[in-house]
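Asks: Take a look at the following structure, please.
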Amino acid sequence: MEQFSAFKLLLKKQYETTLGFYDKYIKNLKRFALKNNVLFVIVDNEFARETLNSNPDIVGLASKLYDDIRAVRFVNEQDFFINLAKLEEDNRETLYQSSGLSKNFTFKNFVVGDGNRRVYEAGVRISETQDADFSPLFIYGETGLGKTHLLQAIGNDKFFHFPNAKVKYVVSSDFAQEVVNAFYQKEKDQGIEKLKAAYESLDLLLIDDTQIFGKKEKTLEILFSIFNNLVSKGKQIVFVSDKTPDELANIDPRMVSRFKSGLLLKIEKHNLSSLCEILAVKLKEKDPNIQITNEAREKAAQISGNDVRSLNGIATKLLFYVKTTKQNLINNDNLKEILFEEFEKFHKKSFDPYLLIENVCRRFNVPVDSVLSENRKAELVRVRDVCNYILREKYKMQFQQIGKIFKRNHSTVVAAVKRVAKMIEKDDSLQDIITSLVI
């Protein structure tokens with residue numbers, strides 16, 4: 001308010017030769033706002049507005065009191081609020097454009113399962129509050145489990161709850177390039193300080209692929225400084241990595257210590273149910289009219305190698321098939337034709353016996369944990385035997401490997417396989433079920 005009072009005095013000197021102008025139109029001005037380096041002032045009188053807006057010297061007067069001022073606009077009350085709303089909207093769009101986020105990654109299309117529930121809950125907490133209780137949050141897990149999706153969803157949801165928040169999503173390699181670019185500026189020190197100032201002004205910093213930072217000493221030095229500054233100001237940082245902090249190669253122990261100073265959470269592999277749901281979400285996003293049978297969806301999920309990116313590729317292939325053949329239904333028969341390469345790759349190296357076991361348990365409606373336990377209930381023994389049979393006869397696993405999964409000895413597995421072989425001789429329907437379960 002003191003600055004604005006001083007600004008009015010400068011206007012008084014500017015218009016001291018215009019009789020009564022200051023006393024009548026300027027002296028009692030009170031309502032103003034400074035937005036995006038533009039000073040807006042409410043002036044009720046149209047003559048006064050036109051007079052003031054046509055004076056090119058006024059922005060120079062304002063610049064004596066306000067840093068980086070680029071314009072002064074005298075407006076009526078209605079235009080005042082319209083301009084502010086427009087500037088607010090523009091400011092939010094500018095903030096989002098500079099965030100590095102993609103609107104495709106949200107919590108709405110993020111599938112939550114047992115393997116990622118804890119990191120999801122931590123992410124929601126970060127996005128919905130201005131607290132930094134978990135700073136830094138360090139998320140790690142194998143590639144293809146949805147870590148990038150989660151990281152960007154945190155940023156997008158933060159904007160939903162706090163539209164004026166300063167958020168930045170950056171891949172570690174891009175951050176390293178920013179540091180290199182800053183060093184190659186004419187004024188190297190100014191370039192580095194400008195980079196640090198930009199990052200240190202953030203409310204939420206999201207860094208992807210943290211494991212790539214290894215051997216980039218200068219980059220880590222800059223990151224170390226930014227990290228300390230943000231944490232000291234109570235701001236939130238989230239790191240994502242394929243490895244735990246202790247497994248990161250060639251990284252300064254001080255930085256490793258910082259990574260471990262907050263909340264450390266792991267994203268686990270998806271179960272079959274989650275993979276099926278993820279595939280359903282991706283198909284719906286690509287074309288709501290695509291239909292896929294439960295059996296086909298389960299097989300497509302199983303050959304994904306527990307990789308969300310692979311699932312997206314599978315969904316894209318299914319979309320291509322639907323668009324080119326005009327057939328909206330994906331079933332067991334055309335699935336193997338569409339995903340021929342994926343099935344071949346799966347049989348060579350990607351087979352996950354636990355996904356097969358989960359699929360069998362779903363078919364017989366029994367819990368996976370019970371089948372993997374010591375429980376000897378007849379219905380569980382039967383399902384366990386079927387799993388043993390499929391793993392041995394259809395996927396050629398060694399008896400010892402199968403026994404390790406079910407915590408059974410060699411002879412027990414052999415007996416289970418023989419029991420199912422005899423049951424198949426008497427019951428053709430069991431053979432049909434087993435055939436449908438084999439990928």
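Cβ atoms here come from the backbone N, Cα and C positions, even for glycine.
Sharing the features that Swiss-Prot gives for it:
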type	residues	note
REGION	1-72	region 'Domain I, interacts with DnaA modulators'
REGION	72-99	region 'Domain II'
REGION	100-322	region 'Domain III, AAA+ region'
BINDING	Gly144, Gly146, Lys147, Thr148	ATP binding site
REGION	323-439	region 'Domain IV, binds dsDNA'
Asks: Which entry in the list of binding-site residues, Gly144, Gly146, has its Cβ near the fewest other Cβ atoms, using 10 Å as the limit?
Replies: Gly144
Asks: Compile a sequence-ordered list of residues in the same chain as Lys147 (ATP binding site), six or more apart from it, whose Cβ lies below 8 A from its Cβ; state 'none' when nothing qualifies.
Replies: Ile139, Gly141, Asp208, Val240, Ile267
Asks: Within the chain of Thr148 (ATP binding site), which residues six or more apart in sequence place their C-beta under 8 angstroms from its C-beta?
Replies: Phe105, Asp208, Val240
Asks: Taking the center of the Cβ atoms of Gly144, Gly146, Lys147, Thr148 at the recorded ATP site, which other residues in this chain have a Cβ no more than 8 Å from that point?
Replies: Gly141, Thr143, Leu145, His149, Leu150, Val240, Ile267, Val308, Arg309
